[in-house]
Amino acid sequence: MRFCFDRLCFATKRPAQNSNSNAPHSSTTVDAPPRPADVDVATVPVATPAPPPQQPVSNLFYADYQKLQPAIIDRDWERDRDTDTDTRSEAKPPDIVEHIEPVEEQRQIHTQIQSPAEIQIQIPPTPPAPSIQIQIQQRYRRHSSAEDRNLNTRRNDSNITEALRKAASMQQEPNANYQFPTDLGLVSIVNNNNNTNTHPSGSNSGSNNNSNINNNLVGGIVTLPAAGGLIGLEHTASGLRLIPAPPTHSDVLTHTLIYGTPPSGAQQLNQDPRSLLHQQELQLQQRYQQLQQLQAQTQGLYTSQGSPVLYHQPSPGSSQPVAIPGATCHSPTQLQPPNTLNLQQQMQSLRISGCTPSGTGGSATPSPVGLVDPNFIVSNYVAASPQEERFIQIIQAKELKIQEMQRALQFKDNEIAELKSHLDKFQSVFPFSRGSAAGCAGTGGASGSGAGGSGGSGPGTATGATRKSGQNFQRQRALGISAEPQSESSLLLEHVSFPKYDKDERSRELIKAAILDNDFMKNLDLTQIREIVDCMYPVKYPAKNLIIKEGDVGSIVYVMEDGRVEVSREGKYLSTLSGAKVLGELAILYNCQRTATITAITECNLWAIERQCFQTIMMRTGLIRQAEYSDFLKSVPIFKDLAEDTLIKISDVLEETHYQRGDYIVRQGARGDTFFIISKGKVRVTIKQQDTQEEKFIRMLGKGDFFGEKALQGDDLRTANIICESADGVSCLVIDRETFNQLISNLDEIKHRYDDEGAMERRKINEEFRDINLTDLRVIATLGVGGFGRVELVQTNGDSSRSFALKQMKKSQIVETRQQQHIMSEKEIMGEANCQFIVKLFKTFKDKKYLYMLMESCLGGELWTILRDKGNFDDSTTRFYTACVVEAFDYLHSRNIIYRDLKPENLLLNERGYVKLVDFGFAKKLQTGRKTWTFCGTPEYVAPEVILNRGHDISADYWSLGVLMFELLTGTPPFTGSDPMRTYNIILKGIDAIEFPRNITRNASNLIKKLCRDNPAERLGYQRGGISEIQKHKWFDGFYWWGLQNCTLEPPIKPAVKSVVDTTNFDDYPPDPEGPPPDDVTGWDKDF
């Protein structure tokens, strides 16, 4: 095939295919292009096509300066993927490198291209330059399936670097040749620095003789990575030709790259040859189209030696060329390399060599001028009319103007990046002034402490602000979420009932199938799903009616039985749903705004359930199961003397196992470490006689009976057979010895360092602040803004040596979001706490509009702000801050207080750099061994049992501790989705589904995974050794706990605090745009 243009020729040579698979691999070193003074023009006969339509000479054609990077490519194909034999071409003389016939699908690409007119090219010769040749062979195995063309590759940058280093060391060793195997395959290094090296033809490579240069290249194929794609250069007896290198999908690809000094192509070696060649194929096809257009536009244009006049081709019957009036030729100016030009510039920079038409002789052939580099191919004429010259000047002026505007735009971009760092304070004010955040009502500081995070000294949980753009940190300020508290008394829940609605079997199965198909609700127990199905009531929506409206606060979840609905967001269509689907499931967790609109396309029949009903079902089934399991355990002698909280822990880890009639639950003589309690059905106990093979019946066991208790005490040989007897099967509650030993411990083993040590200091604080009134406080500055109000830095009148954080919360907004109970709990817990890792509360005030909390000021700023600016912390820094949180948890958990809102936003630094826990709006004091069911926390940090409404306790804090470690080490939490529901689904998949970055060490990863176990009883810190098991973990080896507890350990980051009123570590905040809130005189806060 031949692809030719008016002045540029492309021709392919298709050699015969050879079946010799054992032919040796061959390669040829190509001399550098000639010097500009010695020009060789190879003339090829012109095959003139049909004359194109008349084209006006108004286009600008610039010279194409392309840096040549010669590369020889030899392609072999591995025909059989099941053998290691390569099908290669037959060995050729050293001066010839031929292509193997492309496979059919490769050949089709070429046959689709039309053959235009033949053209002529011009190459300035130059003697060879010293070079280092590095050959790297990469092997790919072809799959036999036509549909699967994915090629597996192995890349090893270190081996490439080693090859380049070896090449550099060979600069002074002529004719050196080294080969060695690597993970990439065979690597060859050849030194061609010998200027007297004789080519295969026998000519001296250092000669400037053009014929020698040509002879050396006869039959050779050299690839030139040009702007439009991979171009092949072939020298034949009729002249030099450019050919398109055939697209390759070969299984064996050998790159031989020739480098001068320095070897600048090292980076190119690291490119994946598959993607590079594919890109070059596409560019080459685009190049064909551009050259066809150019050929049509320049058909018949030529000029004579040294003449500034541009001529048409001679008219038929005439031997004289016709001059083009107003068209002149100019020497070109050097352009940028083509690969940096845009498409329009590439079109303008297509190669046009000044030449004569066939038959006019060589006297009129111009010589190139203005060559800057011998490795450049240039033509030295550009056609332009006087009018076009003016356009050129205008375009150049506009390009200069564009460059100036681009510089100004870059400056503005830098300014924008600077201003984005100040957006936190604005985005923290406006969303919460409207009473909602992130689409959730009653969120983002629903605790009331979101207005200062800490108890006052920082922006806290509810700011909703966007983080400053850091290198690796894109997470926005986390928002706290809280549902309205529910009654958690099992006695009250027993008297709560919801109506049940009749359904046919088809509807019941459809609802069940829809729930099990939902990523979130499929995690519910089957007993809970059955009750939910029973309580769902029917609703019907006519066509074109709204089922769910974006922005509304929802409390109902739907299951669609039949019909079709359209889902849209912000007026844009998202999808169409039909069949059994769950709609609006986030509403059953807490009050939240709908994130999309769902409209009935046809009449729709749905089943619905209210959030209150759903949460009651979840709580009641959990409490009933817990009470039932605890009663079972109390009937077992080895459990009857255990504390109530220990029994509840054991009941949480009991797994229900089912057996069919005739199954051997336990076999005599077998080893075992499990203990069983029968919850349903009957089993038969037998013993095998030693003198006979018959089994002797001993007795029957039923519901409430147990067996295998000796396995928990260390005896692992079974002494009897236990066989399922009931026709309906048997259900057993099972616990293994390891889990039992982790949970059972003497209470004396757990040390509580804080029992009464702070009681006296607490009384002293109360006495000191007893006479301070709200009017005695003077506001200095605002430290933070949150969901319920603001946090102000204040001083008492007449005392400038101390400062405090005054947190003020709007009473009306607390009532609106039903967070009264959380606020009272926060005041009670902080008022009793006396721990150096927890912010101290000194006194509380109230009036008709606000509640006030006077607290310790921590002027070092939020840990979240430092993390945002740094991107992430190293291992040592993360260990220090994690240890501070562990100390705070040790104090709280020893008093049965669950925190529930751990995150960097709720950790403040004092003046020394020690971290203090703040914002106790979600904290709660639990009864011994009891759980709580209120959904609250930050979406990225909530534990699975909180999401599934199974009840949670202090074990949820250990989950969030693992999440905090991950975020401090990486800059982002491990569980992050585009919306809360997606985040919850990621959490339910577990920590084992998360890919850990390399910067997290093995010990840190191990601790995170032990803290973030799906089963709360398996989490480190919740087991037998308590929180001391965390302190003893390998990640904390060598950590100076005593120095931390006594504040003698040097913190990794010491904030700059110049005075007691220095607020430079906090943002500036504007005044409240909404003004004072309305009065609240309901009296709910009489004990505040």
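Just so you know, glycine gets a Cβ as well, placed from its N, Cα and C.
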Which residue from Thr657, Thr796, Thr934 is recorded in Swiss-Prot as phosphothreonine? Thr934
Which one of Thr48, Thr938 gets the tag phosphothreonine in Swiss-Prot? Thr938
Do you know which of the recorded positions Glu585, Glu709, Asp901 has the most other C-beta atoms within 10 angstroms of its C-beta? Asp901
Cα of Glu585 (3',5'-cyclic GMP 1 binding site) to Cα of Asp901 (active site, proton acceptor): how many Å, rounded? 23
The rounded CA-CA distance in Å from Ala711 (3',5'-cyclic GMP 2 binding site) to Asp901 (active site, proton acceptor) is 40
Determine, using Cα-Cα distances only, which of these recorded positions is closest to Gly787 (ATP binding site): Arg594, Arg699, Arg718, Asp901. Asp901
Note on 3',5'-cyclic GMP 1: the CB centroid of Gly584, Glu585, Leu586, Ala587, Arg594, Thr595 has further same-chain residues inside 8 Å, namely Ile548, Gly554, Val557, Leu583, Cys592, Met981
Can you tell me whether DSSP puts Gly584 (3',5'-cyclic GMP 1 binding site) in helix, strand or coil? coil
Mean pLDDT for the region 'Regulatory' (70-528), as a whole number? 46
DSSP three-state assignment (helix, strand or coil) for Arg699 (3',5'-cyclic GMP 2 binding site): strand
Fewest other Cβ atoms within 10 Å: which of the binding-site residues Leu586, Ala711, Leu783 wins that one? Let me know. Leu586
Based on DSSP, name the secondary structure state of Lys710 (3',5'-cyclic GMP 2 binding site): helix, strand or coil. helix
